[in-house]
Amino acid sequence: MSDINSNSYDPYHHPQQHQQESQYHPQQQQQQQQQQQQQQEYYNQQHQQESQYQQQSPPQQQYDNHQHHQQDLNQAHNSGHGRSHNSGHGHSHGNNYSGLPHLRTQVGHAQPYFSSYNELNNSGDISNSNNNNNNNNQYNYNNNNNNNNYNNNINNNQFNSSVYNNNNNNNNNNNNEFSIDGKSGITIKHLLNNLNRDSDAKKLAAWISVMLVFTIYEIFYGAYLESLGLVSDGFHALFDCIGMGIALLAMLVGKRGISNQEYTYGYDRWEVLGTFSNGCFLLFVSFFLFLESIERLLEPPHIHNHGRVMSLATISLIINIVGVLFFKQKSNERKQQSSIRSENLLTISHHILVDSCTSLGVILSSLVGQAFGLEISDSLISIIIACIIVYNALPICIKTSAILLQTTPDQLKININNAIKDILVMEGVIDVTDKHFWSHSPGNIIATVNLLTKKNCDDFTLTQSIRNRLSFVQDLTIQLDKEGKHNSHSHGGAHHHPHEHKEDKKSHNHSHGHNHGHSHGHSHGGNDDHEHGENCDEEHEPVPKYQVQPTSPFSSHYTDIHSNNTPIPLYKSEQDDEDDEDDYDHDEHHHDHDHDEHHHGHSHNSSHSHAHNH
């Protein structure tokens, strides 16, 4: 026992033969030699398996761990390890193997173990202790094996975010193929279907196509004739085609008419936005047209070959007049429906009208220049055209901008005020605390109304009455707040209570200043009685000099109490000791502070200053 447990004992080293070996029977020595050979073969086999194990995948390693574990148990059981030489040659085979403990490293392969002669042939206590150690080793091995299996399962079944994101992106790409913004579900196929079903959009697309072809021809032909008027009219028409293309896109997208997670109110605002941008584009064109006209007034250009210029401008004028008449008629038809389509078509007709005016200006300037040689006629007509554009486009920009800014519609302000007055006189209504009215698109009004009502108010009846009164609102949200309902709030502060007591019996004035600071975070309850009677002498226990004055701002002159109700003597200054020597009387003053059954979420730190004037 002492040999094994000593510091010099080495289980991996075979000790020298000593006296105990001479007592062994030759057969026992032969058995021991066979056991050593088996151990050496086992070590070589494990070393070979280790090299193969490291080349396998994690699932195969996990499977081999289990197979190696079973082989180790069977081999240890068959080799006769774990014997207990308590008496005679009895053997006890169980789960505790002293000869071959199954220790594995992090990768799961078995480690060699060499038992000595003393370890194999010692007393029962030694064998039992070895068995206990092997029990611990076997337990550690099982834990390590379970951890390895768990880690392998995690590695094999772990969530791969990159694969998930790729699959999700593929699904989104399939759903939103050729999507305009990538997330709204507006595809080219959807736009083509709307174009096929919308007669206004179909005619606008046809007109834009014809006008675009003619505009490109006008630009190149004007450059060939060196006519600045034709080139300017061509670029002006090109910008108008771009603006009308925006209006066409707004018409097609706004036709969708349904909502989703991205556009919870639907797509009506697309057409509003397109109309607003189109009006702003008209103002931009009129501004530069005005600048160009001023420049041509100062330096009139010389136009060559007025006949060809007039013929090309006449063709452009005819196309524009047809477009103005058509879209103006459509705008009047839609105006009766109070829809944004009317505003959009009106803006388009203004675009075409501007093109018609510019074409007419080119024709008139060519006639005047050819007949009278007056070159400034083109510039004068261009200024008139710019003023007409501003007159028509500015109200459209103001109206659509008001919708985008969610202002209250002007035509509904009177109805809204009358409705609010009627709601205030309804049964159970105390006040209208908040109200919002705005237009999502022309003819689509949205509103939210918050009311303060009485406690016994019938919410359902009141809500139905309000909805009937605000029937002109398409999307109405009503919130009712009961009377006496307060929102939770937190408060804090410092209170200063000055008290001054004057006594007639004695010329003795007392002024008490109470300063209470509140710091939240503690709850306290107690019963504090302070009584001041006649000839009340206050005596304070002297404080040892080694105590230091407290520097905390929360210190006070009251006695603090531990959790076990033990009073703690507080610190006092020298001035307090001098004040304690004075005897003062308090007549007819009784202060009673009762804090029973009140739990406050704060602690009171009070400082009382006493000034005595004798």
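In case you wondered, yes, glycine gets a Cβ from its N, Cα and C as well.
Annotation source Swiss-Prot lists compositional bias 'Low complexity' at 17-64, 121-176. What Swiss-Prot lists as compositional bias 'Basic residues' is 80-92, 487-499, 507-523, 600-614. Residues or ranges marked as compositional bias 'Basic and acidic residues' by Swiss-Prot: 525-535, 586-599. Per Swiss-Prot, the feature compositional bias 'Polar residues' maps to 548-567. Annotation source Swiss-Prot lists compositional bias 'Acidic residues' at 575-585. If you look up Swiss-Prot, you'll see 1-103, 115-178, 483-614 marked as region 'Disordered'. For 1-203, 255-270, 328-351, 399-614, the entry in Swiss-Prot reads topological domain 'Cytoplasmic', with the evidence type sequence analysis. Summarising the annotation, Swiss-Prot assigns topological domain 'Extracellular' to 225-233, 292-306, 373-377 and lists sequence analysis as the type of evidence. What Swiss-Prot records for 204-224, 234-254, 271-291, 307-327, 352-372, 378-398 is transmembrane segment, and it gives sequence analysis as the kind of evidence.
Contact between the transmembrane segment (378-398) and the transmembrane segment (271-291) is supported: at least 3 Cβ pairs lie under 8 Å, counting only residues 6 or more apart in sequence.
Simply put, out of 204-224, 234-254, 271-291, 307-327, 307-327 has the most Cβ pairs sitting under 8 Å from the transmembrane segment (352-372).
For the topological domain 'Extracellular' (373-377), the DSSP counts in helix, strand and coil order read 1 helix, 0 strand, 4 coil.
When Cβ-Cβ distances below 8 Å are used as the criterion, the transmembrane segment (204-224) is approached by residues 195, 230-231, 233-235, 237-238, 240-241, 244-245, 247-248, 251, 309, 312, 315-316, 319, 323, 326-327, 348, 355 of the same chain, each at least six residues removed from its ends.
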